Every structure is written in structure tokens, then in C-alpha cells.
Amino acid sequence: MTRMLPGYFPSPPRGVWHLGPLPIRAYALLIILGIVAALVVGGRCWEARGGERDVTYDIALWAVPFGLVGGRLYHLATDWRTYFGQNGAGLGAALRIWDGGLGIWGAVALGCVGAWLGCRRHRIPLPAFGDALAPGIILAQAIGRLGNYFNQELYGRETTMPWGLEVFYRRDPAGYMDPHSLDGVSTGQLAFVVQPTFLYELIWNVLVFFALIYVDRWFTLGHGRLFATYVAAYCIGRFCVELLRDDAATHIAGIRINSFTSTFVFIGAVVYIILAPKGREEPENLCRAEYVAREIPEPESATERATVASTYATTTAVPVSADEEFAETN
């Protein structure tokens with residue numbers, strides 16, 4: 001069956017291109033694009049709160065590597081059979097992060113550890129920094145979901161809905177045909193039509209992004225409460241999407257593990273929103289110590305002020321001659 005069914009939209013013919021021996025993967029490019037978008041948006045939000053935009057990029061040098069490692073570790077922990085189970089892909093495949101497989105929960109958790117280390121170096125509060133970065137993170141997640149589209153992965157159950165996603169068989173360089181081939185090229189042969197769950201989550205993430213921008217502009221959410229709002233909102237969307245997915249996943253009591261994670265993380269985020277301090281941090285508390293020292297001069301001591309005053313009085317006094325004094329008295 002090779003014809004395009006009316007109303008359905010096709011998956012991309014490939015997810016990787018080659019420049020000589022160098023593979024260019026759409027998934028990796030979109031992850032990089034998402035990181036750049038998160039830094040641009042986060043830098044502007046941080047500056048709007050009173051911080052220095054450059055600090056965002058400095059802390060990213062800590063947060064991004066930690067986040068990538070955390071995302072991969074979460075994926076390996078929750079899908080370990082794919083790599084280390086019977087007939088698993090092995091350690092080499094586990095290290096190939098560019099092939100896909102990042103768990104957002106691990107990325108956020110370990111990314112926060114990296115951000116905490118960066119914030120300590122710059123002497124700024126982590127919760128406030130998280131608030132500024134939250135809109136950028138959810139936007140990066142939306143962009144990253146396009147990588148799943150190119151990889152033909154993380155889709156839902158088969159469907160006859162008019163917006164279904166057509167998944168085609170792909171043939172890899174060795175001649176093996178599989179719809180899940182990351183290095184293959186589409187043969188045009190339709191494998192199945194599925195729910196485009198990547199698209200559902202992408203749309204949800206974009207809506208959350210605009211909602212966070214609106215809330216950040218019109219409400220004084222600080223002390224990590226905007227970041228917790230992002231986490232709670234994402235959990236709602238992710239929980240609903242997990243109900244539609246049908247790809248291989250670890251289950252607990254017949255429920256996908258990401259559904260459990262979404263539930264417990266959502267509860268934790270709501271509790272944090274309730275218990276965290278109200279209001280927002282003062283702008284002067286969001287700057288590095290050396291930046292504040294440059295902008296705000298140290299007050300003069302009493303001795304220095306007295307010295308300046310006496311010097312000013314001495315230099316401005318005008319001597320009066322005897323003739324001028326006599327003229328004034330007459």
C-alpha cells in the first residue's frame with residue numbers, strides 16, 4: 001500500500017543526511033535549536049526581572065551538560081530493556097544520545113543541579129533564575145518534539161482520524177526495512193496510521209509557553225512559583241498524551257511509568273506553589289555582587305565628608321582687601 005490517504009499527513013522521508021562521512025541528524029539539530037531558543041527567551045525574561053542577561057549564558061554552561069546527561073540517564077533507567085535486556089542494543093547504543101532518547105524529567109532534575117552550581121558561583125537565587133527560564137524551557141521542549149517527528153517515534157495508537165500520521169517503512173544502508181530505522185530512507189510503503197502524539201504535546205507546550213509569558217507579565221510570581229507552574233502545566237499535558245501512546249514503555253501495574261512520574265511531579269509542583277513565598281524577589285538581589293558594586297558606589301565616611309567640606313570652603317573663600325573693607329563700611 002503506497003498511496004497517500006486523504007486527510008492524513010506523512011512522516012518525513014528521512015531523519016538524517018550525510019555530508020561525506022558526517023551524519024547530520026534532524027533530532028540533534030532541533031535539540032540545539034531548542035537550547036538556543038531557551039537561552040534567548042530566558043535571557044530576556046531574566047533581564048526583565050532585573051538580572052544580567054549574560055548570566056543566563058554563563059549558567060547554561062553548567063545546566064545544559066547536566067541536563068543532557070540527566071535526560072539520557074532517565075531514558076536508560078525507564079527503558080533499560082532496550083539497551084541492557086535480552087538482545088538489547090548494548091552500551092554503545094546507550095551512549096549515542098544523538099539517536100534520540102531523552103527523558104524530560106531527568107533533564108530538568110539534573111539540569112537544576114547544574115543551574116544551582118552556576119547560580120552559586122554568581123551569587124544569585126536559583127528559584128528566581130528558574131522562574132525566568134521556565135518559558136524558554138517549555139518552548140525548547142516544543143521544538144524538540146519535532147525531532148521525534150523526523151525519527152518516526154513516540155507516536156500513539158493506530159487511528160482513522162483525519163489528522164492521523166502516516167508512518168512509512170524505511171530502508172537503512174544495509175538494506176534492512178523497518179519503520180523505526182533512524183538511518184533509513186522512506187520506501188513509500190505505508191506501515192500504519194497513528195495518533196500524532198508528538199504534535200499534541202508540541203501544541204500543548206506552545207500554549208503553556210504563551211500562558212507563562214502572560215502570567216509572568218501580569219502577575220508577581222517569584223521564588224520559584226512560575227517554574228513550578230510550568231512543571232504542573234506540563235505534567236497535565238504529558239499525562240493526557242501518555243494515555244494515547246502505544247509505543248514500547250516500562251509499565252507499573254499496567255500503567256506507563258511516565259504517567260506515574262507526571263502524577264507525582266504534578267503533586268509536588270502544586271504543593272510548592274502553595275507553600276513558596278508570595279511576591280517576587282527585589283531586582284537588586286538578582287545581580288552578581290561585583291555588578292552591584294560597580295553600579296552602587298560605596299558611601300563616604302564621616303571623616304572623608306569633613307575633609308571634602310573643609311577643602312571646598314578653603315578653595316572657594318575670596319580674600320577681601322583693606323580698601324574694599326573700608327568702602328563697604330562707608
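Yeah, the Cβs are placed from backbone N, Cα and C, and that goes for glycine too.
From the options 57-77, 225-245, the stretch Swiss-Prot describes as transmembrane segment is 57-77. Sequence-distant neighbours of the transmembrane segment (22-42) (same chain, 6+ residues past either end, Cβ-Cβ under 8 Å): 12, 15-16, 56-57, 60, 64, 98-100, 102, 132-133, 135-137, 139-144, 146-148, 150-151, 182-183. Same-chain residues lying 6+ beyond the ends of the transmembrane segment (257-277) with a Cβ under 8 Å from its Cβ atoms: 78, 105, 127, 222-225, 228-229, 231-232, 235-236, 238-239, 242-243, 249-251. Long-range Cβ contacts of the transmembrane segment (193-213) within its own chain (Cβ-Cβ under 8 Å, at least 6 residues beyond either end) map to 5, 8-9, 134-135, 138-139, 141-142, 145-146, 148-149, 154-161, 163-167, 226, 229-230, 233-234, 237-238, 240-241, 244-246.
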